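*Asks:* Below you will find the structure I want to go over with you.
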Amino acid sequence: MAEIVLAEPTNDIASTSNGRTYISSDTRPFTRSLTYGREHVPEPFDSEKLPVTLVPHIQKFLRVANQIEREEPRVAYLCRFHAFEVAHNLDSNSSGRGVRQFKTALLQRLEQDEEVTMRKRKEKSDMRELRRVYREYKYYIIKYGGECALENRDKLNKAHAIAQVLDEVLTTVTTAAGSQALAETDSISAKSEYFVPYNILPLDRGGVHQPIMQLPEIKASVAAVRSVRGLPFVEDLKRRAAYIDLFDWLQFCFGFQKGNVANQREHLILLLANTLIRQNHKEASPLKIGDGVVDGLLKKFFKNYKDWCKFLGRKSNIELPFIKQEAQQYKLLYIALYLLIWGEAANLRFMPECLCYIFHHMACEMHNVLTGAVSMITGERFMPAYGGGTEAFLNLVVSPIYEVIRQEAMKNRNGTTGHSTWRNYDDLNEFFWSPNCFEIGWPMRLDHDFFCVQPLHDGRKKKFWIPLRTSQGKKSDINEDDEMGAPLDETRKPKWLGKTNFVEIRSFGQIFRSFDRMWSFLILSLQALIIMASHDLESPLQIFDSTILEDVMSIFITSAVLKLIQAILDIAFTWKARHTMDSAQRTKNVVKVVLAMIWTIILPVLYSRYRRKYTCYSTQNGSWLGEWCYSSYMVAVAFYLITNAVNMVLFLVPVVGKYIETSNTRICAIFSLWTQPRLYIGRGMQESQVSILKYSLFWVLLFLSKFSFSYTFEIKPLISPTRQIMRIGVKNYDWHELFPKVKNNAGAIAAIWSPIILVYFMDAQIWYSVYCAVFGGVYGIIHHLGEIRTQGMLRSRFDTLPSAFNACLIPKQIKDNKDGIKKWIFHQKFLKASGNEKNGAVKFVLVWNQIISSFREEDLISNSEMDLMKIPVSTELFSGQIRWPVFLLANKLSVALSIARDFKGEDHNLLKRIRKDNYMYLVVIECYESLKCMLDILVVGDLERSIVFGILNEIEESIGRSSLVEDLRMSELPALHAKCAELVELLIEGNESHYHKVVKAIQDIFELVTNDLLVNGSRTLDLLYTHQRLDGEDTKFFSQLEPELFASKHSIHFPLPDSGPLMDKINRFHLLLTVKDKAMYIPSNLEARRRISYFSTSLFMDMPKAPKVRNMLSFSILTPHFMEEVKFSEKELHTSKEVVSISFYMQKIYPDEWRNFLERMQCEEINENDKIVKNEERDWASFRGQTLSRTVRGMMYCRKALKLQAFLDMAEDDDILQGYESIDRENGTLSAQLDAMVDMKFTHVVSCQIYGLQKASGDAQAKDILELMIRYPSLRLAYVEEKEEIIADTTQRVYSSILVKAVNGFDQEVYRIKLPGPPNIGEGKPENQNHAIIFTRGEALQAIDMNQDNYLEEALKMRNLLQEFIRVQGRRPPTIIGMREHIFTGSVSSLAWFMSYQETSFVTIGQRLLANPLRFHYGHPDLFDRIFHLTRGGISKASKTINLSEDVFAGFNTILRRGYVTYHEYMQVGKGRDVGLNQISKFEAKVANGNSEQTLSRDLYRLGRRFDFFRMLSCYFTTIGFYFNSLISVIGVYVFLYGQLYLVLSGLQRALLLEARVKNIESLETALASQSFIQLGLLTGLPMVIEIGLERGFLTALKDFVLMQLQLASVFFTFSYGTKSHYFGRTILHGGAKYIPTGRKVVVFHASFTENYRLYSRSHFVKGFELLLLLIVYDWFRRSYQSSMAYVLITYAIWFMSLTWLFAPFLFNPSGFNWGKIVDDWKDWNKWIKQQGGIGIQQDKSWQSWWNDEQAHLLHSGLTSRLIELFLSLRFFLYQYGLVYHLDISGQNKNFIVYVLSWVVIVVIFLLVKVVKVGRQYLSASYQFTFRLFKALLFLGATATVVALSIICDLSMRDLVVCCLAFLPTGWGLIMVAQTLRPKIEGTGLWQFARVFARAYDYGMGVALFTPVAILAWLPIISVFQTRFLFNQAFSRSLQIQPILAGKRKKKQR
């Protein structure tokens, strides 16, 4: 058959309403050709841009028509005609979007092609023409179907696709032609099974010969699934299809979708096959599925279901027969049933217990069908309630529950409503944790309260219909009316169930409620420390003194109060869940409140009554207790602590606690109910005693350090000053004292103690960072992290890599364990490779060369570097001899020659010196051997060969006699070295015209050796000379011989034969001779160095032994994608309006890689007309951005690595020597077997959610995605199709999940699974993952985001990492495995560098520490136990808003469901981070928002309440604790400043200091001026130093740390601190959390002043100005009595923070001090601030639109949040209150009327502004002169008033300044009040007035910020300095950042 060629489309005859008429003769058809008489020139008809409703039905026909049109135009026409008829039948009225236009275009094409194609028809009729072509393709498939060659596979795929379409068209034609046509045709099946599209396994008859179907485990699995013997209805099914299996039977019974059945059939077969191959052959035959295989899967799949049944007290419906064969069939049916339910459940997959409920009933129905049960009512055979119909399961089971989820989610209103008003996924799922769920029944009662979304408010009666049920709970099959159901009691009203078990209340109280034990512990400890400090303890043992002990025990009164608060919060926060809460739980909450109240009353009463009233007992002599005394209060405390004692016992004996929690016995249930609510999850999470001991010791040491520090430096120093302050009586205040009767200077004490207490609560986070760094560093050292850090270390340890590689990455051969005792004593990694593993070196060399080749493909190294780094492959490797890469041997030969030249002594001493360096010794040997080999091939003349090898034999004899130094002049070796290098260069060039040069070079070498090198001349020449004389020749031999030697044409063989191995050897010899010191710095690329170092280091780390590829765990990678960049377009690369082009930027940032790219393309610059090079340039740039193509390339390295490893497992020695790269060309069978093996183990699915829309709209991204699938044939793409269908004369939107793959250059649909509705009803990303997860395969699943990357050398370790799921190191195997992330964007800018180091220090070292025993899911590199998570809700949570940080909830869910999360550092993936300050800030805001929502979540609450105390601490400080402590530290700064301001303005501080100086009380003065240690943040830099030092050396770490400070890292981190605290606090208070896209831009660009102001105004600028004003006022009023040094010590850190928050955005803004940019920014700013807002105007265009969006969160705030906001606004008015009493005009008057008069002034100012505004509104247009005169009069009046006041009332300039300082914050406070009260005042003039004032304030703040930036922009040095520190990494890599910025300016000038 001719090769298939892509061409154009065509179709056949017109259709009628009844069918089509086919013309079997040459009679002219009824349509007339529009191109009659013209030659037919086929042009492709667009088969890709089709109406969405028609794509799945007609696209394949149009594609095939395009492919075959050049060869078979008539058949192509018929295919197009068939497509037209199908489209017309689907939408006869052309009502679908774009259908009419499409049908018109296709009909015109058909009319154009009809007559032309008729003339080219080769048969008499269309049917015969079709049959002929169909047979050709069919015979081709049969003939070549069993071949595995790559080229044949591609042709076969094309043939399969074409034959499938032709079969369908031919069947339709045959049916339409009638009986005559049927008689002419041979057997054509109605539906051929040869051509079914498939994903991995071709299960149709045409695929039986494919390599993957020949694997014995696949055959066995297929046989097991197709075993339907004994099943009912089998005969009926066999009439419908030739082959049926268990899935077909389940589809027949329950009505599952066809696509779902096909998908899960392949899924189960692959699971069975992969499980089978790992089973021991003694237990199961490799050709038959054994019980162990099925039992293992059954246990994994139904562990959660059985636990659920046990929890609810129900019997499992998995019932098995006693017959072994039937039992296996039943087990497979149960697994298949669950997979089909899961595969079609759509959004219900987030509700695992809901799926358990569905499976529970369907399994019961299936068992009844299998056992032939009979209905008690009808007497007929039992049938499932929802079975039989098409899509019955989707429509009748999934859709009703989905509708509940969707309607509840709609009530969220994009996060604007409270979480308590709607049920999220967790609420709906947790309903199935209660036995009440069985009230829903089966068939489900749709009138049940579960399905009620909104209760009726109007009291109307509603009628509900539910299916009638038989006595067995099954649907009656008698009549249709009964199936619809009967009306229930009309008086029944629906009832909204409300929240289930938990209510997400937006309150800071959630933090206390979730971690109440920690807060109680800290509060009680603080109280105890204060009591101890007040008693002036000199020894810790003094605490046992009765008096002190009793005072310390007063903390239990506080404990009782805290427990009461906790109990009240429990009731308040769960009030809206009371209807679904268990009655026992409600009773328990009430009892807890009552008991807490009793203890709260009893303990204080007993303490006050019996204090100091002891009963004493004397102990034995010598006891340290002495006399032991106790009081009644102490006895009461002992009873109070009984419950704590019980908890302590359970903590110390975790086995008992776990049994009590997980047991369902009555006693255990009652016992556990009191401690925790009885929920399905969160039980039995206890760790082993060893783990408990480890992390308990960690936290005990940490808190001992914290309390010691707090006691010594925070609490104790304040005790004495506090007493003195209380004794000092201050009666004269500088203001009107509001609380004059308060004694003991309580205000001063509060001002001093408040910041210290806040520091006390937050500094545990700092101590955690310190301890985390120390312990994590020690852990890293123990586990060999940083073993190879530098190039020097790599060179010195390179010879150990082969053995380490073999120990880790080469599967162990099955052999006797002779070294068992050794491996027990020593770690196996450090044992030398065994002698029988001879091919270990070969495998290492092959893998190493592949790694280096991947570096070259990625353009990290050049061609010359690749040659220097590769290791030659030869037969010597099988003996263990490795010829090391040249970069290790660089300069070694030159050094050896230098040593030999200058050496004086004996041979053995010279040899000893050379052998000291093993590489030097090896290079000398190799050069000598290479020279011999080269001469052996080059010299072919008999005489010449005898002379050359005679001389070589003489030299070898000298070596043997150890007389080499005596026989050779070593000083001539360098000259010989130069001559040899010259000869080798000529040989490499191979130019025939240089023949005489080669001869001369050989003659020069010969002369040098014979005359100069050999001391006594050559004996070979002497013998030849003697022989000549004996023959009677008198002429001198040498004079005749020398001119002719090597000169003959037959003396040397030049050019050398063009043999690959020979030339490789010559090239290597040339490199050894010529490469000097520069090779010591190979590779020069920093990224290549890092990757090699990390890979080499990881080989020495503890990782499981790699299994063979066939025996490894199978896995999938899932990558969600929405609208992110797939690949940079040509336009994006070279043009940009705002910034420099991406291409220009990349070339400047990666200059060495750009040069390597040009070298690979074999050009000096890009040719604009070369499309291939241009496309390669697009790839090159895209692989350096955060694009999908980079991620896919990185993840597909896994497939490449697995194929390489499978090759090493399967290949023979000859295959290895032949080369891995050549197997596709020279050994197609082996290559096909490798592909089959890898396909069974690995799948990569990209979930491109809107790919269908992109393809329909012609988006270029769709084409780029298709190109990715074509480049990587094993890549699969899942997307959601949205189309309109006409159902019952109404248009409905239909959604489907579709999986496609690339076939013949197109995307071919593999599976289509209809959805109950739009999948995105929660958070977008988890919903995107969820719809595609059904298409993944394997036992493990890796979640990879689309800004991540992978590397070949890391992918090689994937087998090892997967073995962690099998290697059980604790009590249970892990369910999530984490790994490291390398931030590959760290070199772009200094900010990116900071982010990279932050990731390394805080994330990596934190995960390392918490890996044992606790680590939560952090990000996307993590590997999931796929079956575990498949049955427990998936790999993320998707509830709107609350699950904003969806990934971390996977870890929460896993831990709560008794999973185990671990972390390993021997493997890493790449990850991109944001590189600009604005991008970083958006990312930080997004993470902070996510953490604030976590604070409200039930997951974190349950972890905090159900963990033991120390594990709870780990949970808190690694999740929300960091963000909450950041917020506390910022609040601490405010509390400190306002406290100091209170002391200054009230006059307290002056009075106290003066008193202290009079009485010489130093401690008091110190206490008032020594709180600068509030900034303890320097300690947080310790983890960074330790981690970098561990991995790169401590000198490097110290240097980088200092360099980071010089680059203003402290400014960046302080600014970032403000971002985290602002968004975390605001979101908890008001909500409004949402996903913030950061853009992931590649280019670092200049952000306008307007953009910076919009982004940072409320989070940083306002706070910065407030702190600045406070500092100025504090400085002003304290100067009269306090030294400046004390002020600096107190406030330097706050000055730094305020200035950082104000100016960091401009410091880190590229070109931020460029004068041209400044001018443009000023114009943009003025335009933006004045632009009016409105509907449709974006916030970047108008200040008003931005202002409305900025306060949108306040519109939906609750009452409590508004009250808190108003309370916080009061600080501005109190600030004003303090200042107005310091005005000179007040005349020392302390009356309250002064403050009232200040408000009068403010009102007058407001009125003046309002008058001017009204005047402008009414006078400025028509009476402009009048308006100006009016303004002048107002100005003169105000000036006159000020002058009069200055004369009459002593108003001074100082008063005017103080008034400005007082009234400006007051105005801002009024604006904040107005924003908070917006719903009440929005319709009044007050709101308009507030908006005018807000605009004025924003304009003023903008000018205040802009002015210093503009002044600095005048100084050129500032811009240069900024560029230097902002892009220092680029400068350190010898890059020039200025050309980038200059390039941008040039573009703008154009």
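Placement of Cβ uses the backbone N, Cα and C atoms for every residue, glycine included.
Remember, TrEMBL labels are computer predictions, not curated facts.
The domain '1,3-beta-glucan synthase component FKS1-like' annotation in TrEMBL covers 329-445. According to TrEMBL, the feature transmembrane segment maps to 555-577, 589-610, 630-656, 692-713, 766-786, 1515-1537, 1689-1708, 1763-1780, 1792-1809, 1829-1849, 1856-1877, 1897-1921.
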*Asks:* Assess whether the transmembrane segment (1792-1809) lies in contact with the transmembrane segment (630-656), where contact requires at least three Cβ pairs under 8 Å among residues 6 or more apart in sequence.
*Replies:* no
*Asks:* Report, as numbers and ranges, every residue of the chain located at least six residues beyond the transmembrane segment (1829-1849) whose Cβ falls under 8 Å of a Cβ in that stretch; write 'none' if there are none.
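*Replies:* Apart from its flanks, the transmembrane segment (1829-1849) reaches 1785, 1787, 1808, 1811-1812, 1815, 1819, 1856.
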*Asks:* For the transmembrane segment (1689-1708), give me same-chain residues lying six or more residues beyond its boundaries with a C-beta closer than 8 angstroms to one of its C-beta atoms, as numbers and ranges.
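*Replies:* Those are 1391, 1476-1478, 1533, 1536-1537, 1540, 1569-1572, 1574-1575, 1608, 1610-1612, 1614-1615, 1618, 1647, 1652, 1655-1656, 1660-1661, 1663-1665, 1667-1668, 1671, 1674-1675, 1905, 1908-1909, 1922, 1926, in sequence order.
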*Asks:* What residues in the same chain, six or more past the boundaries of the transmembrane segment (589-610), come closer than 8 Å to it by Cβ-Cβ distance?
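*Replies:* Hits for the transmembrane segment (589-610): 554, 556-557, 560-561, 563-564, 566-568, 570-571, 574, 631-633, 636-637, 640.
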*Asks:* Taking all residues of the domain '1,3-beta-glucan synthase component FKS1-like' (329-445) together, what is their mean pLDDT?
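*Replies:* Averaged over the domain '1,3-beta-glucan synthase component FKS1-like' (329-445), the predicted model reaches a pLDDT of 91.
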*Asks:* With DSSP helix as H/G/I and strand as E/B, how many residues of the domain '1,3-beta-glucan synthase component FKS1-like' (329-445) fall in helix, strand and coil?
*Replies:* 77 helix, 2 strand, 38 coil
